[in-house]
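Only one structure is covered here, and it is reproduced in the block below.
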Amino acid sequence: MLQLRYVTEEQLAGFDQYQYSAVDTNPLSVYIMQHLWNRIVKIVPLWIAPNLLTFSGFLLLLINYFVLCFYDWDYTASGSRLIPNWVWWFAALSTFSAYALDSIDGKHARRTQSSSPLGELFDHGLDSWATSLFTISWFSVCASPGDSPGFSKHTMFLFLSIVLLNFMLSHWEKYNTGVLFLPWGYDLSQVTLVAGYLLTAIVGVELWHKPLVFGYYITTVSMTLVIGCSIFLSLPHTLYNIYMAYQKKTLKKDSLYEALLPLVSPTLLFFLLTVWVALSPCDILIKQPRLFLFMVGVAFSSVACRVIVCQMSNTRSESFHYLLFPLALVVFAAVTGLLGRLEESVFKAFTALATVAHVHYGVCVGRQLSQHLNIHIFSMKKRAQE
């Protein structure tokens, strides 16, 4: 069951040749956060595996998400005191801890001379899932309960989609250039989230539902900033870096078709999800907002991980991710009314199967690369030669 080999021999050979290359020009990261991480990483015992740091950070995010699920399953507790204050303190602590662990895992790997392609894949693969967890957890703060200001369920879906597509842009850029240009938005978003949770714990969740200057609400401003930064900063910056690689003749792909392949599955994924949200007879996003957004994150991470594997192994990206086929069938059956009252039940079944399939993929790929590179995932010891 766990011996399924998702990574091809060609991709394994590509991992053997892989060299990490990244550029970080974010002033917040370079001049402030990196100095903090350099101090924190010295505290970590040398016997701890870097992947253990990565996974611990992800687990903290998952625990934080489940705590918020318990107190605010349908995103209606915002604007009231239904969520205990300790939850916001814990959210701030877990978010900062996950941010710190994600920032020092690579430093710890270089410090212990245990850097490997498996470590980077493990890091970026979990990041592709964590990006949605950060976002949908934050919605408990700024969701719109009833008629009060805040994010509506459809705004949440749009916000999450934009955040995830920005993540994909970074790895699409690396797929074509071979260089990961670390996005400025990551550090800024993490610091903002931690500060936001702390403010909520100190002042109260009502803060996010009161107008700022000129009558604008924080939620409206944040949505405008996300859309504006994506259109006028992230996308142009990505296209510029790809164009510069083209000018320098360092592009990894030699045709427009090959260059655009990684974007096909994510585009189709969000198209299908948008159709479902817009045309669902039972208003599936309104009835199951938290579970639907969770499913969006899982489906995206499943697609993104395949792109990351192809990008790191310098192999051709798949044209269509297999998950799109059952999703298309479910969406078609739902919007045409074939499912009728079963739409919600089928949606839950699809979410469960997609989650199990994604976890299975992650475990199998981790085991396969662990055996191929002769290293343990969560230990500094070398594997015994078989």
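Just so you know, glycine gets a Cβ as well, placed from its N, Cα and C.
Unlike curated records, TrEMBL annotations are generated automatically.
These come from TrEMBL:
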TRANSMEM  43-66  transmembrane segment
TRANSMEM  86-104  transmembrane segment
TRANSMEM  155-172  transmembrane segment
TRANSMEM  184-207  transmembrane segment
TRANSMEM  214-239  transmembrane segment
TRANSMEM  259-279  transmembrane segment
TRANSMEM  291-309  transmembrane segment
TRANSMEM  321-340  transmembrane segment
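Segment contact is absent for the transmembrane segment (291-309) and the transmembrane segment (214-239), given fewer than three CB pairs below 8 angstroms at sequence separation of 6 or more. Proximity of the transmembrane segment (259-279) to the transmembrane segment (214-239) is not established, fewer than 3 Cβ-Cβ distances being under 8 Å for residue pairs spaced 6 or more apart. Note: the stretches the transmembrane segment (86-104) and the transmembrane segment (184-207) are in contact (3+ CB pairs below 8 A, sequence gap of 6 or more).
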